[in-house]
Ligand SMILES: Nc1ncnc2c1ncn2[C@@H]1O[C@H](COP(=O)(O)OP(=O)(O)OP(=O)(O)O)[C@@H](O)[C@H]1O
Ligand SMILES: [Mg+2]
Ligand SMILES: [Mg+2]
């Protein structure tokens, strides 16, 4: 097969591993800088250009789109889809997963476990927002935050009110969420490919923090998933319409709760913690599932 990896940097661990795995399995593979792809729209065949050449003959693309270029990245993916090329991450699924609120709305409709969450526009309903998540302690989360930035724990109702009011003043969009205390500063990253969790790790926050992000000094270790955790992770990926997803779960006293579903999960942390060859599993999935014009919008909402 001829495979394109949409990535801004060929030196990134995940990009390197995917290139390596594709070559090992006998494929032709090219790293394409997403921002350097440009598009031709006309009533002739849709086309994608790169450094003066028309990109042709690609059987599949693997999008690795950073949060800061979601908008342009989705247009590039969609253009590949228009040419009939299979995209591992559908353009619609990418955009859907990048919106924390939209993701939780879709998961809640399908009764997937999640922390109780509230969201509002009006200034005067701060107390209502707090009440909807059963009061403090609670978490306030910027919708645009990544790597644990903009995630704040408010221990008391007073603290919660003042954080919410401060975010309001700044005109920031945020969620209010029930704090899952019994998770003990840990979460579980499940790497889902198709209908399977192929690798999972538990991440635990540094002392004095509740955020387990590896970027914040969290440490990863192997963990064994329960059947209900596996089922929840696969179901969440399916609802989001993602073939490959990093599903983050909190272990709560009422079972696994989905916190978020990532469409470009990093491979370094999970391959290192588990010793699993996730990159090869991704290439294998493409071998078994890609076909011309197979990409279509799955999932709803
Ligand atoms: N409701 C919650 N209860 C307990 N812990 C939470 C809760 N929400 C978040 N956390 C902790 O804070 C960390 C960061 O939160 P979250 O993943 O929602 O934001 P983020 O990492 O900044 O976003 P992204 O992963 O999209 O970059 C989580 O990994 C988890 O350890
Ligand atoms: Mg996170
Ligand atoms: Mg995320």
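Glycine is treated like the rest: Cβ placed from N, Cα and C.
According to TrEMBL, the ATP binding site annotation covers 141, 178, 179, 187, 211, 212, 213. According to TrEMBL, the feature Mg(2+) 1 binding site maps to 248, 260. Annotated Mn(2+) 1 binding site per TrEMBL: 248, 260, in sequence order. For 260, 262, the entry in TrEMBL reads Mn(2+) 2 binding site. As annotated by TrEMBL, Mg(2+) 2 binding site applies to 260, 262. Here TrEMBL flags 104-287 as domain 'ATP-grasp'.
Mapped onto this structure are the features recorded in TrEMBL.
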residue: 141; record: ATP binding site; contacts (Cβ under 8 Å, 6+ apart): 100, 150, 151, 152, 174, 175, 176, 177
residue: 178; record: ATP binding site; contacts (Cβ under 8 Å, 6+ apart): 115, 116, 117, 133, 134, 138, 139
residue: 179; record: ATP binding site; contacts (Cβ under 8 Å, 6+ apart): 115, 136, 137, 138, 139, 153, 210
residue: 187; record: ATP binding site; contacts (Cβ under 8 Å, 6+ apart): 202, 203, 212, 248, 249, 250, 251, 259
residue: 211; record: ATP binding site; contacts (Cβ under 8 Å, 6+ apart): 148, 151, 185, 205, 218
residue: 213; record: ATP binding site; contacts (Cβ under 8 Å, 6+ apart): 147, 148, 203
residue: 260; record: Mg(2+) 1 binding site; contacts (Cβ under 8 Å, 6+ apart): 100, 103, 247, 248
residue: 262; record: Mn(2+) 2 binding site; contacts (Cβ under 8 Å, 6+ apart): 97, 245, 246, 247, 248
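Cβ neighbour count for residue 212 (ATP binding site) (all protein chains, 10 Å cutoff from its Cβ): 26. Of all Cβ atoms in the protein chains displayed, 21 besides its own lie within 10 Å of the Cβ of residue 248 (Mg(2+) 1 binding site). Reduced to three states, the DSSP call for residue 211 (ATP binding site) is coil. With a cut-off of under 6 Å between the Cβ and any atom of ligand 3, the binding-site residues 211, 248, 260, 262 reduce to 260, 262. This prediction places the mean pLDDT of the domain 'ATP-grasp' (104-287) at 95.
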